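In TrEMBL this protein carries:
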ACT_SITE  HIS191  active site
ACT_SITE  GLU295  active site
BINDING   ARG90, GLN108, ARG113  substrate binding site
COMPBIAS  1-12  compositional bias 'Pro residues'
COMPBIAS  13-27  compositional bias 'Low complexity'
REGION    1-27  region 'Disordered'
Amino acid sequence: MAAPPPSSPSPPAAAAAAATQQTQPQPQTPFYELVKGNSGLEKVLLRGTRGFSAEVYLYGAQVTSWKNDHAEELLFVSSKAIFKPPKAIRGGIPICFPQFGTHGNLEQHGFARNRLWTIDDNPPPLPVNPAIKSFVDLILRPSDEDLKIWPHSFEFRLRVALGPNGDLSLTSRIRNTNTDGRSFSYTFAYHTYFSVSDISEVRVEGLETMDYLDNLKGKERFTEQGDAIVFESEIDKVYLAAPSKIAIIDHEKKRTFVLTKEGLPDAVVWNPWDKKAKAMQDFGDGEYKHMLCVEPAAVEKPITLKPGEEWKGRLALSAVPSSYCSGQLDPLKEHLIALNI
Ligand SMILES: O=P(O)(O)OC[C@H]1O[C@@H](O)[C@H](O)[C@@H](O)[C@@H]1O
């Protein structure tokens, strides 16, 4: 790994990356800094134009900060988060892999979120928006210990990129590198914790009328009724075959988060509310009021990869002023807008 020394800007990786750039247009000057974060864990700082920024810990490849051009934090990280392995960091965007939740025999949400990832200075080419100047590529390969609990060889590459308008995107590429001919299956989620002003004033659009599995009712299947989703109590639902765009509308902040997902059919919505909040060691008692998890995911139908196959799953986040109009996510309406009708 040719990572830059702490606190120094990283020039693009050398010759090999240059060769990559010849075959496919890549941003000219990828730029990040590697610095020490909480408990001495290393984190990558991404700086965009107009003051946009993001931070990614190598521990878990976890995004822990995403700020807009007013230096306002858009993600929630608990004031009680523990930055010490093996505990996963409470907040930001943990990566759940190779298992989401308790959908399997591994530890809850899999092990990728509590492993140390490394910077990948020479990732295979990835089609990108040439306007993106600030990004980092991280990689996780299983250790011998990991192979004992999940006996599959893989390469998990994550690119975190900050767009020119402050949009944050996460692109995961997972490849089966088994040499014994075996396929593997996994479930996955970008466990995104959004910072909200007051959970009672927030609504989520795009999931109404969807079927969901209710984790609070033994994963039983129901159909969401009525209008946008609002919050009055604990929620832990896996919405199935959710649309590619979901909006979180925060009235008080006059802000709307728009999530765009690719390769990730489902979307988990979670807020622990007061009782569960109190039971969590790394979460403040009243913090449930100021966070909401909406997690693009692949849960209901595990993804299966044969040796040599690669899967891609992408999440793009933008935060826009809430002049955003309700109903905009109606797929038919979107289609008509696209056709200029
Ligand atoms: O405490 P953890 O392992 O980070 O999980 C938090 C929550 O994550 C959500 O994604 C799950 O649906 C919940 O069931 C779970 O409680």
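Cβ atoms here come from the backbone N, Cα and C positions, even for glycine.
Locations of recorded TrEMBL features on the structure.
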residue	record	contacts (Cβ under 8 Å, 6+ apart)
ARG90	substrate binding site	VAL77, SER78, LYS80, ALA81, ILE82, MET280, ASP282, PHE283
GLN108	substrate binding site	GLN99, GLY101, THR102
ARG113	substrate binding site	GLY60, GLN62, ALA88, ILE89, PRO94, ILE95, CYS96, PHE97, HIS191
GLU295	active site	CYS96, ALA189, TYR190, HIS191, THR192, ALA267, VAL268, VAL269, TRP270
Which of these binding-site residues (ARG90, GLN108, ARG113) have a C-beta closer than 6 Å to some atom of ligand 1?
-> GLN108
Any idea of the Cα spread of the substrate site, ARG90, GLN108, ARG113, as a max distance in Å?
-> 14
According to DSSP, ARG113 (substrate binding site) sits in helix
Excluding ARG90, GLN108, ARG113, please set out which residues of the same chain place their CB within 8 Å of the center of the CB atoms of the substrate site, keeping sequence order.
-> LYS87, ALA88, ILE89, PRO94, CYS96, HIS109, ASN114, HIS191
